[in-house]
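Student: Following this message is one structure expressed as structure tokens.
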Amino acid sequence: MRLLKFLWWTCVTLICGVLLSFSGAYLYLSPSLPSVEALRNVQLQIPLKVYSEDGKLISEFGEMRRTPIRFADIPQDFIHALLSAEDDNFANHYGVDVKSLMRAAAQLLKSGHIQTGGSTITMQVAKNYFLTNERSFSRKINEILLALQIERQLTKDEILELYVNKIYLGNRAYGIEAAAQVYYGKPIKDLSLAEMAMIAGLPKAPSRYNPLVNPTRSTERRNWILERMLKLGFIDQQRYQAAVEEPINASYHVQTPELNAPYIAEMARAEMVGRYGSEAYTEGYKVITTVRSDLQNAASQSVRDGLIDYDQRHGYRGPETRLPGQTRDAWLKHLGQQRSIGGLEPAIVTQVEKSGIMVMTRDGKEEAVTWDSMKWARPFLSNNSMGPMPRQPADVAQAGDQIRVQRQEDGTLRFVQIPAAQSALISLDPKDGAIRSLVGGFSFEQSNYNRAIQAKRQPGSSFKPFIYSAALDNGFTAASLVNDAPIVFVDEYLDKVWRPKNDTNTFLGPIPLREALYKSRNMVSIRVLQGLGIERAISYITKFGFQRDELPRNFSLALGTATVTPMEIAGAWSVFANGGYKVNPYVIERIESRDGQVLYQANPPRVPVEEQVAADAEDAGNPGDPEHPESAEGEGSIEAQQVAAKAQTTFEPTPAERIIDARTAYIMTSMLQDVIKRGTGRRALALKRTDLAGKTGTTNDSKDGWFSGYNSDYVTSVWVGFDQPETLGRREYGGTVALPIWIRYMGFALKDKPMHTMAEPPGIVSLRIDPVTGRSAAPGTPGAYFEMFKNEDTPPSVNELPPGSFPGSPLPDDEGAPIDLF
């Protein structure tokens, strides 16, 4: 009896001691516990996502893959699987499962250290949101106290929702929705019972039970959970049997971008980090860019096709490496280490036959490459020379060569190589500077250097329109005669002589400015710059957005020796396309928070709406040929009215600054249309459009090739060259390397679009001009042609020439900067 009494009081004492200890711990620790109320407004880390204007995913940035899911959207089968695996008493306890804690305590007494935590789902929520992974008594007590508070303040559904969105499930997947996408490539609601059980088994040990790394352990864990579900009555025998017999079919999935625009994605990422710092990667921001997915795809394909065409004109540089005599397994292992570059897949030649070659691709399949696709592969000697034409496949390849192939639309393979040259393309909406497409190189995987915004290159003759525009705003006209004749500059101090020349090494004598531009006569550009004066010209040109310190203070400026980026060129050319307004290229249209709230809406300077309406409504015809104007059907004013209405309902648009006379922009467009009609841009006539204007550009030794052009819908600039400047080849020019890319792209961009040119502004007249004098022609003058002028710049007739004056002289006597027009 005494013994029983002793045992009774001992138990009572122990229980009281535990209660007192727990109460003391609660009183001591509770003031420092975090507020459970914060869980109602918790902000989980969600990656940054970048989208096109039309909602296509471009890229995702962030360490954690997470897609939050609401409790109402969690499948009941998954809830049952999770409770069976982690906490089958979840519905009944108040945050702490005493039996589980007692079991954990017994293991501690037996082994001397903590083996299992005895944690409920609620306790895991407390740990995941508020505590560390440290294994200690104090942390466990904090966990218990927090769990009790959580159960008092949140519903069971809220607790489960917090849990399934926070847990780490391997392969950078946080939360069950992200895990379903990573392992099965579909949302959690579309998973089978077996697949849900597999994911429910991951929280315990994401690495050990990872189906990609440990399929055997993963299967055992899945089947154990299914058995628990059967015992607990969540599923019947039939569903259990079908689920355990289902094979593990998990594989690694990442959210595939719907649009390949990595250079755009990187531009958006950099801007977001500049705005929000490291939070850009975790706060679930959505960035909607100005890029149109169809135009971006066309731009990427145009650049790749153009570079491959150029590359094949200069011969085959040989295989990337040679692996003769190796086994098939060794070849396959090597291919597994190679990346696809710009859609060009690595392959190893396995056989060489008369009809072509057999190659092994990365999936281990052997496929044929026909001889027809290899005939271009003359040996590369230099950018100016090649070896003899190959006569058979054996002249090009041998077994063991690692080469590149390109999959064609019909499924066949084409023999190719990664181009050595690079390119950039940027296409803008001239009304506001929105970037509609941008390509910064052949392949982002090959090089993330964005040549569209980072490459400072000489633009060559594609810079001349800015010199000519300055001339038109300073007394010159499209009919002004300037002498295309040799000129020599001598630097007496440096004892140097500069003898600029035309590309053809020929000289045409006095010619009108219009002809000089479409024939790209260097001597005329230099003489025009002489007439303007360098400082006056530079002050004028900087209004287009060029940096003053990038513009040389000498007459080589007239030949395009400034250093500029394709982005700067495209932005500057927009001024001609929109009638004289300065717009700034931009790529982010809108930034949204994780819940869809608009945090930022672009409001760039825009061409005034009335100007857009006038341009669309006016049946302006083709200003490039004042003698025979052609009707060009506009898009109508509806689009412009919709733009205006949208702007009025969202924000007050910022009007763009006018930087050149509308008449100057109109006449420049006319002159640049002649570049395509009868000059260096004639290849663009293949598009069969009369509303296109543009200019080629080629620098010394053909180190850079350019083409910039536009209509009223898009301004597009293309550059081609080597990252380390070297010649593209003796017979390569802007018209052979850049213009074909521009034609491919604009052909798609303007497909099914009506002709769209700017309306003729008031204050322009058209006169018949004497080709010999550049003055108004008398009746019956042979070869007289029509030219357009500003009202105040109309030339007098030949009979009105004062004695001793030069025909066509553009500048008044009081502006007599040193000039040698003749």
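Cβ from N, Cα, C; glycine included.
Here Swiss-Prot flags 1-5 as topological domain 'Cytoplasmic', drawing on sequence analysis. If you look up Swiss-Prot, you'll see 27-822 marked as topological domain 'Periplasmic', on the strength of sequence analysis. Marked as region 'Transglycosylase' by Swiss-Prot: 48-216. Positions annotated as active site, proton donor by Swiss-Prot, on the basis of similarity to another entry: E86. Per Swiss-Prot, region 'Transpeptidase' is recorded for 403-744. What Swiss-Prot lists as active site, acyl-ester intermediate is S461, and the listing cites similarity to another entry. The annotation region 'Disordered' is assigned in Swiss-Prot to 614-654, 790-822.
Help me picture where these features are in the structure shown.
Tutor: In the predicted model, residues of the topological domain 'Cytoplasmic' (1-5) average a pLDDT of 63.
DSSP assigns E86 (active site, proton donor) to a helix. Other Cβ atoms within 10 Å of the Cβ of E86 (active site, proton donor) number 19 in total over all chains.
Remark: S461 (active site, acyl-ester intermediate) has S520, N522, S525, L559, G560, T680, K695, T696, G697, T698, W706, G734 as non-local neighbours, by Cβ distance under 8 Å and separation of at least 6 in sequence.
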